[in-house]
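Heads up, the thing below is written out as structure tokens.
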Amino acid sequence: MELEKFKPWRDSHSEHIPVPLTSRQNIIIILLILFSHYHHWYWRCRRPTDRWSLLAVCHKHHQRAPNSLPTSKSLHSFLHSARGWNSWGIQATPNTIPSYPKEELGRVLNQKFIISQCTMLTDPATQDAGYDLCSLDGGWYSSITDKFGCITYNASLFDISALSRYLHGKGLRMGLYSQPGTPCKARHGTNVTVGSAFIDHVDKNNNCYFDYENPNTQLYRELITLWVSWGVDMIKLDYVTPGSTFQDTCMPGNLNASAIAYHCAIEKSGRKFQLDVSSDVCRSQPYWGTWNSNADSIRVDTDINPYDSDDFFFFYMQHCTVEDYRQFVNLQVVDAQNDKPVTLRGNLDNLFVGNPAKVKGVTDKQRNTLMRIWIGASSNLFLGSDMRILDDLGRWLITSPSSIAAADFCAMYPMQPRNPGTGSNQAVQLQACITGPSEHGEAYVLLTNLGPNLGDGGYVTVGGGEQKMSVTLADMGPSRSSANRLDLSPRPIHVLILL
């Protein structure tokens, strides 16, 4: 695929190029290349074809530009967010899978179905791309706890120990879903009565909740010890408040200490876990500090999938997620400016890009766009697709070397918004984002037309259809004067086809 030829263009005041972007209720992302020539910067862009569009990697000499957002290892020492498959997309929309035993299972899966999906992760290209985590969402557990009051699996559906051995034998890892509550029947378990650590609160599902300031609560780390014996590698801790959709469940309004308890138990277990806290958790203080000190990632929004639909996903449902990510990363920018390490990743929810439009409910262009956003945000890349019917585009989106190179880069430098014309980070329809620059001067730039705001985007609609926007080097972070101080000796343009 060759670049279209553009005459380098600039004037004495700024470096702009108008970029027409088309909406049609999806985000069109164009190729933007920054390149150096005789100590000057130019912009070059390429409009997407009907099927493919590109991102560029930008190169400078070995000096970090201002306003970069480098990350450190996550709290539990992971270099990047988790990649793999999660079951909730199928559980929420079982109509999408003709072979799914809906009459028998409802929204609960069994071990046979999990194996049929996760075995697909053992495809060499998928595994080489880092998709190695098989994540079981809600429904694997029993309503009856063991004699110690610990949550265990539903033996009529699963043998989690055997499943773990199978997955690990295939070179995969296993994740489990959890919630802060536990069946109230556990109240009388253990010699230190579990109920002595409960608060006086029962939700509509007859779950009770721990007082996480009670020292006996940490004796419940036996739960993590049990899960370690099963070989669990990742925990999704859902319904953590403040945040989450909890009003209809009668859950307590503040369960942030559950993340602290899980983190402490993980630390004492000696096993390397990834802990994802969910969903749409409160990002104001003191809770922002709690997530940063106890989790590897947090869900920035609620579920993006519909329920009981014939489609996995509707594209407009990501508007609120994109806006919540913008707020999330802006907080990280403030932390970085205050010399705080950036260890927490923003999780955008499952990634529905693996199946064709007739299954997914999104077009090929929209699938391209979703992949870019999830990669740029350094999100967990948990596929929500039916892994048994991946099409060619789905496989390429997931496993292409350029996709994985971009994902590895963005894991170190999550994208941050830089609005055209101002360089600000407010919510706008026509948005530019940058990941990096790295200490070697590499960066990715995304231009997005989010389309008309359907109510959750946080911005004012400027119009539908094709729009024009201009961006400058200064918009992306470094000023022209600071750029000219860098050694911008000519180098090859390395174009990475992201999708």
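Just so it is clear, glycine is given a Cβ too, placed from its N, Cα and C backbone atoms.
Pulled from Swiss-Prot:
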ACT_SITE  Asp238  active site, nucleophile
ACT_SITE  Asp303  active site, proton donor
CARBOHYD  Asn154  N-linked glycosylation site
CARBOHYD  Asn191  N-linked glycosylation site
CARBOHYD  Asn256  N-linked glycosylation site
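Distance noted between the C-alpha atoms of the residue listed as 'active site, proton donor' and Asp238 (active site, nucleophile) is 11 Å.
Separation of the C-alpha atoms of Asp238 (active site, nucleophile) and Asn154 (N-linked glycosylation site): 19 Å, rounded to the nearest whole number. Counting only same-chain residues six or more apart in sequence, the Cβ atoms lying under 8 angstroms from the Cβ of Asn154 (N-linked glycosylation site) belong to Val108, Gly139, Trp140, Tyr141, Ser142. Secondary structure from DSSP puts the residue listed as 'active site, proton donor' in coil. For Asp303 (active site, proton donor), other Cβ atoms within 10 Å of its Cβ number 19.
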